[in-house]
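Enquirer: Taken from TrEMBL, the feature Zn(2+) binding site applies to His106, His292, His296. Among the features that TrEMBL reports, transmembrane segment is placed at 52-69, 89-108, 120-141, 185-202, 214-236, 339-361.
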Amino acid sequence: MLLNCGQPLPLLRHTDVPPRVIENFILTGYRFPNYSLRECLLSAFRPTNETGNFWTHFLPVFIFSYYFVEVFGWEGAPQGDAPFFYPLWNYYIGVFCLLMASSMAHLLNSMSLVVREVCFFVDYGTISSYTVGSSLAYYYYIHPRAGIVETGGHNGSHVDQNNEPSGAPTSSYAIPEFSVFFETFYIPCACFVAIICVLSCCNTRQRWRKYRYVIRTFVFLLPFLVSSTPVFYRLLTRSPYTATSPSFVASTTTASFFYRHCLWLLVSAVFNISKLPERLAPGRFDIWGHSHQWFHCCTFLSILDELHMIKAEVRAILLSPTLLLPPATMSRLPGPTIASTYGVMLLLQTTIISVIVWFSWCANCIYGPQRDQLVKEHPKKHLKCH
């Protein structure tokens with residue numbers, strides 16, 4: 001933190017900060033929770049125990065964006081604002097908000113104890129939004145029946161039922177028992193589970209503190225299972241594309257990307273719960289290399305593999321605009337619309353913001369008096385310039 005004379009205040013040990021700020025097995029590198037916004041921003045360039053947490057989710061924003069925009073340069077791809085890409089843009093919004101909220105939460109949480117709580121409430125909310133953004137992408141690009149319309153060209157879905165190629169399979173690809181879930185309950189379930197996750201994770205900051213990392217990790221296992229249902233379905237059934245088609249070749253990488261996506265999520269969960277390596281050597285990994293930084297790296301790698309998986313399915317659709325499914329078994333689901341993509345995300349975000357406002361008000365009631373007391377007991381001391 002830079003003072004008027006340009007000299008930084010010393011970072012603090014865990015014994016010199018409020019208990020609420022202390023992280024398990026992290027002994028040094030703490031900022032006292034009375035920084036200004038400017039001082040928090042400048043701390044990104046100073047080695048504190050939050051610096052790595054900031055950069056490991058801030059830099060990935062640009063890496064993700066680089067790989068994301070590749071889709072719009074593919075041959076046969078519609079314009080970027082076409083309805084066909086609505087689900088993909090919602091997925092991007094979810095990932096962008098997750099990475100930015102996470103990095104900003106770690107950078108700005110030293111403004112006060114109340115701001116600290118609000119920062120991480122927002123962080124949990126964007127994680128839930130990301131899961132719904134993923135669900136929309138899965139629904140329209142991986143779900144075998146979504147996005148099918150009677151004639152192509154009206155909503156940009158690039159799917160036409162009236163031009164079935166001669167090589168189309170003669171048996172139904174879809175399992176009828178799953179049709180009701182996919183067509184009616186999949187997106188509502190994803191939204192409902194996302195809201196439950198926000199409520200649960202926000203609660204861990206005010207109760208269940210002892211097991212908060214375990215609870216948060218397993219709470220987000222549920223939206224993963226729900227949102228990944230179309231992928232599980234695809235892996236358990238045969239491809240909707242004929243084996244000799246370019247689309248089949250393009251979609252063959254879906255399984256490997258999904259398995260890697262799951263692997264990185266599993267490794268990130270291990271880091272988040274175990275608190276390794278700092279558990280083995282408290283104080284040695286305070287600034288660089290502690291578990292939360294590895295957790296961030298692994299979660300981003302899982303998101304990157306998920307992006308590659310979605311891109312593989314988008315490419316498969318673009319290479320073969322007609323899904324190879326028997327017309328008699330096709331559902332008459334509409335393609336992506338503003339209401340079914342951006343509208344869903346807007347409604348979800350409104351609900352999540354309401355949850356965050358409620359918990360923020362509770363946090364202010366709890367920590368507001370403590371904040372004022374801390375300001376009195378620990379005023380910023382200005383070092384003398386010589």
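Glycine too: its Cβ is placed from the backbone N, Cα and C atoms.
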Enquirer: Give the nonlocal contacts of the transmembrane segment (185-202) in its own chain as ranges (CB under 8 Å, at least six residues past its ends).
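Expert: Contacts with the transmembrane segment (185-202): 121, 124-125, 127-129, 131-132, 135-136, 139, 143, 215-216, 219-220, 222-223, 226-227, 229-230, 340, 344, 347-348, 351-352, 355-356, 359.
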Enquirer: Please determine which of the binding-site residues listed here (His106, His292, His296) has the lowest count of neighbouring CB atoms within 10 Å.
Expert: His292
Enquirer: For the recorded Zn(2+) site formed by His106, His292, His296, which further same-chain residues have Cβ atoms within 8 Å of the site's Cβ center?
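Expert: Those within range, site residues removed, are Glu50, Gly52, Asn53, Phe54, Thr56, His57, Ser102, Gln293, Phe295.
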